[in-house]
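A.B. asks: Quick paste of what TrEMBL says about this protein:
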- 2-230: domain 'Glutamine amidotransferase type-2' (DOMAIN)
- Cys2: active site, nucleophile (ACT_SITE)
- 297-436: domain 'SIS' (DOMAIN)
- 469-614: domain 'SIS' (DOMAIN)
- Lys620: active site, for Fru-6P isomerization activity (ACT_SITE)
Amino acid sequence: MCGIVGYVGHRQALNLAVDALRRMEYRGYDSAGVAVVGKDADGHNAIHAVKRAGKIANLDDRIAEVGVDKFEGTTAIGHTRWATHGRPTDENAHPHLSYDGKVAVVHNGIIENFASLREELERDGIELVSDTDSEVAPHLLAQAYNEGDTAGDFRASALKVLNRLEGAFTILFTHADHPDEIIAARRSTPLIVGVGDGEMFLGSDVAAFIEHTKHAVELGQDTVVYLAADYYDILNFDGTPAQGNPFTIDWDLEAAEKGGFDSFMMKEIHEQPAAIRDTLAGHWDGERVTLDENNLADTDLKSFDQVFVVACGSAYHSGLLAKYAIEHWVRIPVQIEVASEFRYRDPVLGERTLVLAISQSGETADTLEAVRHAKAQGAKVLAVCNTNGSQIPRESDAVLYTHAGPEIGVASTKAFLAQVVANYIVGLALAQAQGTKYPDEIREIWNALEEIPDKVQQVLDTREDIAAVSRALGAVRTMLFLGRGVGFPVSLEGALKLKELAYIHAEGFAAGELKHGPIALIEDDLPVVIVVPSPRGVKLLHSKIVSNIQEIRARGAKTIVIAEEGDTAVEPYANWLIRIPQTPSIMQPLLATVPLQFLAADIAEECGNEDIDKPRNLAKSVTVE
Ligand code: F6R
């Protein structure tokens, strides 16, 4: 996490960098800062840095206090931070400067050997002013530039320092004596170059510069890029030439902005029909399911005898649904595990194991490490990912991209539904290859999937009814979510959304587990959401949950019942009834999740959280374990 931006060109760099940071803020908002390479009062080259704890608005205020005219210059780097080492304070904010004030550095990731480097710098009499691991880098660069065999050579000094850093990082260096250059490097965490006309950009992702150019270059692992206004040079860490991967960005700026909604999250909830449609697109050739971006041969798909799903948070919940679908359609066992636990035990994997790694960002460190572990054990890894060119798909054997578009709201909404759809596509491809479903059965499921975007739209159209529920509930203190069958992962997802957005206690349970403990939580007026399975599906499941609703009502709970149209059996037991269209049971989560997203956003507002796009303590992509 942390967002990084850079600019070298012919325009005033300050505003450009701050605007780019605004679009990176979803990656972390513990602090923000920029450094512009310009001149001091005597006309000498100098770095002008400004940084502040908190959101970018604080940085804006600080810049206004100091005066914009103090930041003249056409080269800048910037950073928005998600704190790892050191509290979110002004001192710990980036950029960090060197002891001689000539080097500015922004950094994303972790420098694992920072303690020994820090000791070494302190022995040399250098006083470090922050608690961060990052601050060692500018001092080391200044030392390398000021003395020894790399003295006066910015590029050689940067390479020398980079080769001393251990860990995963993206790092940008500027030097006052080289006002028209930036040197940047990436090891594991992302960095993209934007190529403009007489100007170059850097960003943790393309949203940093899509306003200015659609031409981008993805940097490979362990590469360094040297940037000037009109050219870039990519090197390996040993200084030998390396290649990047040029591509044209197909997102436009509007896609990355709010489009008339109060928040990105609201916009993204409303984009779900399109996200599903786009994720399905191209995977049905009229006869068969196709996995076009997938490198797994049909023989591989045929050979798998078990599936392991690894993912975190909402992506994990989408994986729980993959288990229901794949076991039902393919009749092979599916295990699922939160990625952070996976490699720390000893999962039994082999050549015939398919590991499904699900990640919106493609950067989540826990999932990435699980992928590496799975590959080391000889399993085949298929990534389900929303971010082109990110690390998880790069390290996987194959990838199925979700096409949800950029998700800026920190709480996942459209990417979650797109993941569920992608998981189902994988399930159908496996069923097809292994012959566990007849072609006409697969076609029928596919047709039902294709109807989902319109049905999601119907749920979106009930927005006002759902808002009325939250208004009536007000600022609740705790809330429970119950489900059975595929409704259980939905209840987990509903509870997670509420925790994230409203900062209140919320829990999801399998409704059948209630009587084994959680029912003790039920008290007068406790709001409980119940996701009711279709009465047209497994009849017993439906009647059991109706009994569960009665049990909690008898103990004073207020029930918010999500049930499909025509399910009259639940009507007497619902304080509020939210209707969703009829659909096959396995697809119901794609509809039932939507009201829970609205509910979480509305209750967050009732509870006083005004910025649902950036819930406290969270970051969009979690690149630390
Ligand atoms: C919840 C949420 C997180 C992510 C999780 C995994 O709303 O967004 O729980 O789902 O951090 O992130 P990705 O999918 O990027 O690996």
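Just so you know, glycine gets a Cβ as well, placed from its N, Cα and C.
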A.B. asks: Taking just the CA atoms, what is the gap between the residue listed as 'active site, for Fru-6P isomerization activity' and Cys2 (active site, nucleophile) in Å?
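C.D. replies: Roughly 9 Å, rounded to the nearest whole number.
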A.B. asks: Are there residues of the same chain, six or more positions away from Cys2 (active site, nucleophile), whose CB falls under 8 angstroms from its CB, and which are they?
C.D. replies: Arg27, Gly28, His79, Thr80, Arg81, Trp82, His94, His107, Asn108, Gly109, Ser204, Ala619, Thr623
A.B. asks: Would you count the other CB atoms within 10 A of the CB of Lys620 (active site, for Fru-6P isomerization activity), including those on all shown protein chains?
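C.D. replies: Within a 10 Å radius of the Cβ of Lys620 (active site, for Fru-6P isomerization activity) lie 24 other Cβ atoms.
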A.B. asks: Averaged over the domain 'SIS' (469-614), what pLDDT does the predicted model reach?
C.D. replies: 94
